[in-house]
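Per TrEMBL, signal peptide is recorded for 1-22. The transmembrane segment annotation in TrEMBL covers 222-245, 287-315, 321-346, 358-382, 388-410, 448-471, 477-500, 512-536, 548-577.
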């Protein structure tokens, strides 16, 4: 019980700790309001972001860095005090920020940034603001005739209600620019203006504007219609297949019952014929048990994340909340992986449970760690904010060492002491029967292709919205729709795996254990195929860093999907196989 309390406290402090400051956001006229500059980067490459002062902006005499929570650092946030002075309810008109001589090198940096469509991000009293740093005036198709300009004057429009900041918008003056076209030193004056206006909007609703574009009635209507159309089609097809399967099974039960009554020595055919082999334990049972343990942990992680999302923890721009929750919950659910893997391993009469536990702990974390090492190295080479500081890496290693590993071992010990035996309705014969030759479409890879397509077709519409949020600048807030789609995904994946398992057994192929896991998880491969389509056809991402981050981390996510859905498919198939063989008389 104490461990549960510690886990709850860790989660509460971890998620709550991403809110920027412990202030009540109340100010008097003239009070300084915190303004932090976060990062700059190419608009179409969300992972490729750099520190704000990596570009030669007006740098204050003393740069103050804000202490960030774990999730903020993982999100690539690097907040520093901005040079603008935006005191509460104090207007400024063309206030001079600084006069600066831009060298040829500075001009080259800014011109390169303008060419790549760089944007900047700041936070004012925890409200995010964005703006572009410059513009390109194109003169025909010849790039050599293009003119490059840097915005020098920024306007801040701020709304307030009594003593609180409600909204802030920023826009640039297109007529106040510095010409960056030629490689030469230039003198530039950087200015800013501030205009305060009163509003009646309550403080509690000030974050709603950031999700309005996602929740407009016509957007929601189209979104719901697309999802319902896709899900109804998939569920009708699934129901159709379920009806056929139930009818076939009913006929099988009647047939086998008649065979038992009419002729005791009559040769058995179909799936009953292999009753002595269907519960023969599979090869590589330690790897299967570890896969089921990791898949169960990832399923529990997904469920907890959905619970937090549905209760409103991941509201727009709650910086780093999702990453903090992922790290903390994954650490706290490692005991589930240890218990599930070791318990099932002993049910399969395994003996080396320590090796099985090590395999469980490394099965998902190992590829994720190797991917992180490579991508973090890339980020370090690029000097991007995605590169984690040494201190953050130490914190993650400590979490893994002090929380994840002990809970994994405790779960493994509990699974070892769990005396549950494998429940097989039929006795297994001493020697396995030979599997008859099967047509090509009944082999593993074609079966995986058929198994993955139907669940993927139920979610592919929603994938676009998720990708546009994770790898773009859209905000995803409709977690209710996502949860419905997730439930449908689980149902369809489970049923398709059951149907293919039946056809496999009917063909007298008794090696269904691994096949059911691979068929259930094959949807993850389809999702990765969608990544290729999204990157090249639906996005404007480019460059080695962004490409490696996109395909590297999506590979880890799709691998996690593979393990989770493979676990769902396997358990559905196991339940089905036990049920049908328990329903007939096997001697």
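Placement of Cβ uses the backbone N, Cα and C atoms for every residue, glycine included.
Heads up, TrEMBL stuff is auto-annotated, nobody curated it.
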Top partner of the transmembrane segment (222-245) among 287-315, 358-382, 388-410, 448-471, 512-536 - counted as Cβ pairs under 8 Å: 448-471
Among the ranges 287-315, 388-410, 548-577, the one whose Cβ pairs under 8 Å to the transmembrane segment (512-536) are most numerous: 548-577
Spatial neighbours of the transmembrane segment (548-577) far in sequence, C-beta under 8 Å, 6+ residues away: 47-48, 278-279, 291-292, 294-296, 298-299, 302, 363-364, 367-368, 371, 374-375, 378-379, 386, 451, 455, 471, 489-490, 493-498, 501-502, 505, 512-513, 516-525, 527-528, 531, 535, 541
Outside the transmembrane segment (448-471), six or more residues from its ends: residues with CB under 8 Å to it: 46-47, 223, 226-227, 230-231, 233-234, 237-238, 478, 481-482, 485, 488-489, 492-493, 496-497, 500, 518-520, 522-527, 530, 534, 538-539, 541, 550, 565, 569
